Ligand SMILES: O=P(O)(O)O[C@H]1O[C@H](CO)[C@@H](O)[C@H]1O
Ligand code: HPA
C-alpha cells in the first residue's frame, strides 16, 4: 500500500495522466485519433499539421522537458490530410536522466485523449549490412535488453484502468499498419530505400562500441537506437495500435579498421536530407489509416 502511494505520488498515476489530458482537452478543440512522435531531427513532421494549436512542454502541467538538440519540446495538435492528430515535436530519452515511467507518460496521456494509433519515428544506426544511410526501416519487432533486467516502463504497481499486468508483445507492431506503410512507400516510389527489421534500444548516451554493435547484430537487431521501445510498450499496454519506423541515419561501426565515428551531427544531417520524404510518407500513411471509431472533431 505504502509502495503504491510512493509510485503514484511521483506523478505517473492514472489521475496525474488524466489531469494533464483534461488540461489539454480544455485548451485544444482537436480530438486526435493519431499521435506522432518525431525522432531526432524529424520535428518538421509537426510543422506539416494544419490548423495548429501548439504548447511548449514547459507550459503543460506535469509534462517532462526536452533537453536534446533536434527535439524542440512542443506538443502540436492539428490535422494531417484532414485527420485529427497530435504530434510530439521532441521526445524524452532515458539518458536525459528521466525515469522510464516519465519518458513514456505521454503515451498514457494520448490514450486518455482518445488516440487510437501511435506513430513512432526515430533515428537509428544501421547494423544490417544491407542497409544504407537514408533507408527507412519499418520496425517489425524490437529487442529490449534493459527491459530483461528490470528497466521496463511497466515495473511497479499495475493500474488495470490502463491495461493488464502482463501485456502481450508478440503483436507490438501492428501488422496491418506495416503492410499499409509498405503500400504507401511503394506508391510514393520509395521502394529502393524502404526496409523492415528489428530495432534494439540501448540506454545511451554514448554510441555503441564495435563489440556491442557486433553483439546486437548477432542477437538479431537490424538497427540500434536509444528510444521508441519504451513508448511502444506503454502504448500497447493502454490499448493503442503502434506503427514505428527508423530512419537509418548512420551505419553502426562494425570493423576495427573503420575510420567512421558515430555522431549526433550526422544523425541530424541525415534526418534533414530525408525530411520531406518522411513527411510525405507519414502524412500519406495517416490519411490511409482507418479509424476504429468515428471522431467528433
Ligand atoms: O531515437 P531518437 O529520438 O530519434 O534519437 C536518436 O538520436 C540520438 C543519437 O543521435 C539518440 O537520442 C537516438 O535515440
Ligand atoms: O548508431 C546509433 N546508435 C544509437 N542510437 C542512435 N541514434 C542514431 N544513430 C544511432
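Yeah, the Cβs are placed from backbone N, Cα and C, and that goes for glycine too.
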Checklist line | phosphate binding, same site as 71, 91, 92, 93, 123, 227 - TrEMBL member from 40, 170, 206, 258 | finding: 40
Margin query: Can you go through the binding-site residues 91, 92, 123, 208, 250 and pick out those with a C-beta less than 6 angstroms from ligand 1?
Written below: 91, 123
Check: For residue 123 (phosphate binding site), which DSSP three-state class applies?
Finding: strand
Item checked: Residues among the binding-site residues 71, 91, 92, 93, 123, 227 that border ligand 2 - Cβ under 6 angstroms, in sequence order -> 123
Check: Any idea what the Cα distance is from residue 91 (phosphate binding site) over to residue 250 (purine D-ribonucleoside binding site), rounded to a whole Å?
Finding: 20
